[in-house]
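Student: Pasting a structure here, questions to come.
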């Protein structure tokens, strides 16, 4: 019985279409808890901030480099996680990530210098966070289609519940056993990533019929078309002057067309070529870097990262600097996390509605998030910080749970390139992940005012809004250029047309001065 259960969890799922459920619900639960033990811990790390400053006698900017290096490694190694996932499978990579995360956090609890934490949490755990998070969110997107936005949004609330629960719990635990043993406990707790990673069964989408049946059906359809084509074309040729002959083989699925000029006739040779899907897919597709819409979206992620992590790191020190006790300051972080839950779920429901331009909803949320970051600089007491925390938490939730799944939308790259796009996108975010927290810490060290840390966050988010606003125009501009280029090629006789979709090929059959001879040749 146990062996059957293990076999059930290990074999791949094969579907004829995107299931929008099935084992995907187990994957969604796994993603929830992976979020708990990855981003949930990263965002809760602010509770150790003052303890580390006192123990190592270091400045804000020096301590902030711990999370900065961690986020940098997390995002910088995203292409590596993509390659390993495509090569060895998502399950093994996530389980390896869980081991690395736990090892780094446990080693950090024995650190005697802040540089030791740079290696333990920054590099080792950072690499583990990437191996754990990215493959999980990628495979979750493959299990869901219509429900992708809402499922991802709800599952991503794991980090919010983690911050809500861990922030006060770790504060209480530190008072009893100290920050080192508390960090050790967190590291052992993160071993659960290995368990939930084991639930990530791979998914394969194939056609509803076997290849043999499809070939037979194609041959029957081709034969039927051949029998009826003579009658139809003989009638059409009276008006259009088109003469059509076809070979008795199955109709090709992918065509190359070549126009050869004649005295009063153009001959269109249609040759079959292998399906694109039969070619071996690259482990990492860098062709997405040629799409201007993706470049703009990646720049959006780059600048937005400046405002993602610093607020959660500095909200507790900011509250303490304003005379708020530690317990109430920790409650600010918990409140921010709960507001983020509602933001993620709300965004999921809104983006799940059809039809809707999801990129525009995201843009509105980014603008409001920029406003919330500026609002922190004007707060002077507990309830002002509470209001800002709720507003910020809700708005960051609308973006945090949707900015990666939004890559699967046609406005950006589409679901076919989702895996490679996610790896490159998070890789580009690494620059801001490295610079964000130290930049905020530098502003604090120079001014001795914690609210100044939010200026860099707000400035980065404002630039992110500008880049996001350019995504849709860039996509439309590319499409228009693509159409005009194809029209020019078709209009010139004697030119070679390669890899042109049939939908874009228009022939003027009304002209009698040209006769078109169509010949279909077998492979």
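Note: Cβ is positioned from N, Cα and C throughout, glycine not excepted.
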Student: For which of the residue intervals 277-297, 382-402, 403-423 does Swiss-Prot record transmembrane segment?
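Tutor: That would be 382-402, per the transmembrane segment entry in Swiss-Prot.
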Student: According to Swiss-Prot, transmembrane segment applies to one of these ranges: 226-246, 247-267, 331-351. Which one is it?
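Tutor: Matching range for transmembrane segment: 331-351.
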Student: I'd like to check whether residue 450 and residue 475, as annotated in Swiss-Prot, sit on the same side of the membrane - that is, whether they share a topological domain name.
Tutor: no
Student: Look up transmembrane segment in Swiss-Prot and report which of 22-42, 484-504 it refers to.
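Tutor: It is 22-42 that Swiss-Prot describes as transmembrane segment.
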Student: Which stretch, 63-83, 185-205, 331-351, 359-379, 453-473, tops the Cβ pairs under 8 Å count with the transmembrane segment (119-139)?
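Tutor: Of the candidates 63-83, 185-205, 331-351, 359-379, 453-473, 63-83 scores highest.
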Student: Should anything in the same chain at least six residues away from the topological domain 'Cytoplasmic' (140-149) have a Cβ under 8 Å from its Cβ atoms, list it; otherwise answer none.
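Tutor: Apart from its flanks, the topological domain 'Cytoplasmic' (140-149) reaches 18-24, 27-28, 31, 155, 203, 205, 347-348, 351-352, 354, 358, 402, 405, 408, 415, 418.
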Student: Which residues, given as numbers and ranges, are at least 6 beyond the ends of the topological domain 'Extracellular' (171-184) yet have a Cβ under 8 Å from it?
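Tutor: Sequence-distant neighbours of the topological domain 'Extracellular' (171-184): 47-48, 51-52, 55, 105-106, 108-110, 326-327, 330.
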Student: What average pLDDT does the predicted model assign to the topological domain 'Extracellular' (321-330)?
Tutor: 84
Student: Grab the same-chain neighbours of the transmembrane segment (300-320) for me: Cβ-Cβ under 8 Å, and only residues 6 or more beyond its ends, written as numbers and ranges.
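Tutor: Result: 42-47, 49-50, 60, 64, 67, 71, 75, 163, 326, 328-330, 332-333, 336, 366, 369-370, 373, 376, 382, 385, 389, 392, 396, 399-400, 403, 425-426, 428-429, 431-433, 435-437, 439-440, 444, 450-451, 453-454, 456-461, 463-465, 467-468, 471.
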Student: For the transmembrane segment (150-170), what are the same-chain contacts with Cβ under 8 Å, counting residues 6+ beyond its ends?
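Tutor: For the transmembrane segment (150-170), the sequence-distant neighbours (Cβ-Cβ under 8 Å, at least 6 residues beyond its ends) are 24, 28-29, 31-41, 43-44, 47-48, 137, 140-141, 144, 182, 186, 312, 327, 330-331, 333-334, 336-338, 340-341, 344-345, 347-349, 351-352, 393, 397, 400-402, 405.
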Student: Determine how many residues of the topological domain 'Extracellular' (321-330) DSSP places in helix, in strand and in coil.
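Tutor: Final tally across the stretch: 6 helix, 0 strand, 4 coil.
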Student: Tally the residues of the topological domain 'Cytoplasmic' (140-149) by DSSP class, grouping H, G and I as helix, E and B as strand, and everything else as coil.
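Tutor: Across the topological domain 'Cytoplasmic' (140-149), the residues distribute as 6 helix, 0 strand, 4 coil.
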